[in-house]
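Per TrEMBL, the features are as follows:
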type: REGION; residues: 1-22; note: region 'Disordered'
type: COMPBIAS; residues: 1-10; note: compositional bias 'Pro residues'
type: DOMAIN; residues: 24-259; note: domain 'Sulfotransferase'
type: BINDING; residues: K33, G34, G35, T36, R37, R114, S122, K239, G240, R241, T242, H243; note: 3'-phosphoadenylyl sulfate binding site
type: DISULFID; residues: C222-C234; note: disulfide bond
Amino acid sequence: PGQPPAPPAGSAPGPARPGTKRLPRAIVVGVKKGGTRAVLEVIRVHPDVRALGTEPHFFDRNYHRGLEWYRSLMPRTLDSQITVEKTPSYFVTKEAPRRIFNMSRDTKLIVVVRNPVTRAISDYTQTLSKKPDIPTFEGLTFRNRSLGLVDTSWNAIRIGMYAVHLESWLQYFPLSQIHFVSGEKLITDPAGEMGKVQDFLGIKRVITDKHFYFNKTKGFPCLKKSESSGLPRCLGKSKGRTHVQIDPEVIEQLRDFYRPYNIKFYETVGQDFRWE
């Protein structure tokens, strides 16, 4: 006597979501300024996908906190659902492939790539919006402009050397477990590009062209309905910034610099991204 009545079976205290927090089965590992946020926002509309909204930076900055900490950040999923997270800096983090492999060798990896020259300019534009006092793009790009020596230690340049970074991933994961999304096609054919992502994740092609409309002001496609509110969803103000104007000769020099890396990348992944 005096025992409180047992709660009815299957009821949980408070508004807890059903399901379990699980480690991600798929990770968007790169690349910065490629279109990773767009991929995440679109894929999470799928009923079989639950995604972490923020970038956990576990496999680069927070690894010391341990897998249980990482798991605790994840959304709850049902058995039929896939957990996804995205942190674009993983692609250029030396330890990330080994660390992800140690979590699960079956992890599916998504890399959103974009013309490395425009990617670098976009990267610089973002930094400039936060730190208006930084040197010019040209000044940061070259160690010696007249000799055309590009400074590969500058992150904005280094990230776009995709073939170099990919090598570390291929030491741990087969190409069949890495899916490359074209950042350009994400804008010109979002449904087609996202169709391939759904195939790669092994889920039904639920997201189709019916989900998108082209926003003329933004200059890129937006979702008709978001995951949570059912209202149209465009990416935030920080997306689609007007790029800084760069001297065409600098662009030409950068194109020449990236060309061998691009060709090697196309050959390795068996896909021509047409950046030339």
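Glycine residues also receive a Cβ, built from the backbone N, Cα and C atoms like all the rest.
All annotation found in TrEMBL is predicted automatically rather than curated by experts.
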Length of the line joining the Cα atoms of R37 (3'-phosphoadenylyl sulfate binding site) and C222 (disulfide bond), in Å: 12
Rounded inter-Cα distance in Å - S122 (3'-phosphoadenylyl sulfate binding site), C234 (disulfide bond): 19
Among G35, G240, which are binding-site residues, the residue with the most C-beta atoms within 10 angstroms of its C-beta: G35
For the binding-site residues K33, R37, the one whose C-beta sees the most other C-beta atoms within 10 angstroms: K33
Which of S122, T242, all binding-site residues, has a Cβ with the fewest other Cβ atoms inside 10 Å: T242
Distance in Å spanning the most remote Cα pair of K33, G34, G35, T36, R37, R114, S122, K239, G240, R241, T242, H243, given for 3'-phosphoadenylyl sulfate: 18
